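*Asks:* Structure incoming, see below.
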Amino acid sequence: MKNGLKASVVALFFLLAASSASAATNSVDTVTYESNSDFFDGQVLQVGYTSNFATDKINVYLSESKIESETGAVADEPITFDVSHQNTYAKYPTQDTGLESITGWDAVKKTVSSKQELWDWTTTNCVDTNDAGTFTVDGYGTTDVDARANRWFDTWTGQYKYTIYCWQRNDYYGAVADIGSPDEVFRTEWRLQAGDKNPQTAVITNGDGGTGVTSNLGRYAKVSWEGSLSTGENPPLVDDEYALHSNDYEGGWRVISESRYSSYQSFVQNNADDLLGEWGAGLTTESHIESEMNGKAEEAASEFTESPLSDSEILDSSFQNGAFKLDMERSLMYPEFSVYVDAGENGYATISKPVGKPEIVSTSGAEFGELGQGTISVEAENVGDSEGSFSARTDSCGEYFSGNSLQDTQRVSPGGTASFDFRVTFTSTSMTQSEFSDQCEVVVEDTGSGNEVSASVSVTATQEDECTEGDETKKEKQVNGETVDVIMSCTNGLKLEEDEVCSADEEARYIDDDVQYECRDKDSPPGGGGGDPWTIPGLGWQLDTPFGGMEKALSGNAGALTWAQLLLSFIGFLAGFALVGVKLGKMVDGLATEFIPLSDAVVRLGIGLVGGGMAFMAVYQLVTNPLGFLLTVVGLLLTGYLYLKGTTPDINL
């Protein structure tokens, strides 16, 4: 047995036969080596054939050299296909459509003495010949049978009597069925042989199958009907034929004329009752009306010799599944078959082809964070005897991971290698930061042979904290060997990112719900403040500035605490303005007006604004500290109490 992968053989035949020519065809048009079939493991040898339109027999011989020259595959023995002994016919099924049976007729007469006897005898012994007619007996209702009755007086008995005239059925010609449209049926004998091995044979008919149906051709091959059968002639249509069923006929069936049957039915329905009336009136005889009715029945049941089905065979004699068989004059035309031959390691035919064989020699995993992506790689070596065409794909990845499997095919010489890279992404619904590790399976395949190998590659991804956009928090990290605070900000609702890194002398301090965190000197007074701190030049002292609180107050976003801080600071401003502007203003009035040409009021206003501003800043520094705020409020309440106590006059009653 040759080295390499074993193959399955597919023989695809287009049997194109016209008229009844009997020339045999023994060549093929195409031989290709393709992918696996659905029936046997291994590669597929496809043999395609197109007829010269003048054959009803196929006798194809595929030598070892023919197979190798067309495909590069090596065969240990020749393969032959024979298709012969065609038999084609049209099958006409019968159909029960509720048609009335054909029978003989007896005209009967009966004399009774009462209306009750008339009713009883008529409904029991007479038949209906006209579906639309009814027979009425006064005082006893109606019946759907057809009958005539004469009432007369019997002088011998002195009573009125009734004479009844009606029809009864006698001879049974048979049940009538419709004939359906014909189905073409063919029968061919197949024979396949590899070298001197036992031949594989089968009889293929489209009556047993149809498009997409597969039959066994012995143990090691299959024949599939793939096309539509035609002989180049249309089976005769049945436009004036019915089928009559009775055990008296050969095969249980007889072909009759539809028009004769319709004439019989029309005569019975339209004339049977009138014939009874003529007989009862004495205008004709019993034998005459029976001859009229039975003549129509015999004519309807007679064989329709003018029909093309008069020479047909009976395929099924039962009434439920009856069928006629009509042989066709022409041979098959345009049937299409596929033959699949097992040529694997333990198969029927021995065929092999050198191919590439991949082997994964190295892999490279990936580590990345959420919203990012990583790259995994595999390197495959061709350890086969022939050039290979390698492709790779990510077959599957663990939970939360997905891989991009689109890859270009690479041709690899024996002993050569090819590298394949795959982009891997990570998505998780977890809300907390954690690390996920899993694997992706990568498959490398030689496209020519179907040989494939796989390897598992490690992937690791870090799940970031999910957050509310705009929120800030603080964390610690090492910078130059020192632990510092880092202000983290949520900018996109998915992850926290570094917003500001504090120095070693600073700390991330929470200010309020709007400002949130700021880097402040560790030695600065505690408290939030309302904006960026101001550093006093030369001293390095940091002061809380009120501008942030004022901005919030003006925009309507200030809370109760901010309003209280600004109000207390404004009281400090008024106190500073009054004390400094009045007291200190008097001291500098003369000095200022001596050197500066300004009025005393303007000087006092300027000095008061400076003093008030300094008082405002001093109070603001105090009240932005929680303890200072509390002491300020308590001090104001105590001062107010003492002021009221000292200024309120005593009232003596």
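Here the Cβ of each residue, glycine as well, is placed from N, Cα and C on the backbone.
This is the feature table in Swiss-Prot:
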SIGNAL    1-23  signal peptide
DISULFID  Cys126-Cys166  disulfide bond
DISULFID  Cys397-Cys440  disulfide bond
DISULFID  Cys467-Cys490  disulfide bond
DISULFID  Cys502-Cys519  disulfide bond
TRANSMEM  560-580  transmembrane segment
TOPO_DOM  581-600  topological domain 'Cytoplasmic'
TRANSMEM  601-621  transmembrane segment
TRANSMEM  622-642  transmembrane segment
TOPO_DOM  643-653  topological domain 'Cytoplasmic'
*Asks:* Taking the topological domain 'Cytoplasmic' (581-600) alone, what is its mean pLDDT?
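*Replies:* Result for the topological domain 'Cytoplasmic' (581-600): average pLDDT 55.
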*Asks:* Compared by Cα position, which of the disulfide-bonded residues Cys126, Cys166, Cys467, Cys490, Cys519 is the closest one to Cys397 (disulfide bond)?
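*Replies:* Spatially nearest to Cys397 (disulfide bond) by Cα position is Cys467.
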*Asks:* Could you check the disulfide-bonded residues Cys166, Cys397 and say which one's CB has the most other CB atoms within 10 Å?
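*Replies:* That would be Cys166, with the highest Cβ count within 10 Å.
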*Asks:* Would you mind reading off the Cα separation of Cys166 (disulfide bond) from Cys490 (disulfide bond), to the nearest angstrom?
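*Replies:* Between the alpha carbons of Cys166 (disulfide bond) and Cys490 (disulfide bond) there are 104 Å.
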*Asks:* Measure the Cβ-based neighbour count of Cys519 (disulfide bond), defined as the other Cβ atoms within 10 Å of its Cβ.
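*Replies:* Cys519 (disulfide bond) is surrounded by 19 other Cβ atoms within 10 Å.
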*Asks:* Using C-alpha atoms only, work out the spacing between Cys440 (disulfide bond) and Cys519 (disulfide bond) and round it to an integer in Å.
*Replies:* 44
*Asks:* Let me spell it out: for each of the disulfide-bonded residues (Cys126, Cys440, Cys467, Cys502), count the other Cβ atoms within 10 Å of that residue's Cβ, using every protein chain shown. Which one has the most?
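*Replies:* Answer by Cβ density within 10 Å: Cys440.
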*Asks:* To the nearest whole angstrom, state the Cα distance for the pair Cys490 (disulfide bond) and Cys519 (disulfide bond).
*Replies:* 17
*Asks:* Using Cys126 (disulfide bond) as the reference point, find which of the disulfide-bonded residues Cys467, Cys502, Cys519 has the shortest Cα-to-Cα distance to it.
*Replies:* Cys467
*Asks:* Tell me the Cα distance separating Cys467 (disulfide bond) from Cys502 (disulfide bond), rounded to the nearest angstrom.
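*Replies:* Rounded to the nearest whole number, the Cα-Cα distance is 22 Å.
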*Asks:* To the nearest Å, how far is the Cα of Cys519 (disulfide bond) from the Cα of Cys467 (disulfide bond)?
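*Replies:* About 22 Å separate the Cα atoms of these two residues.
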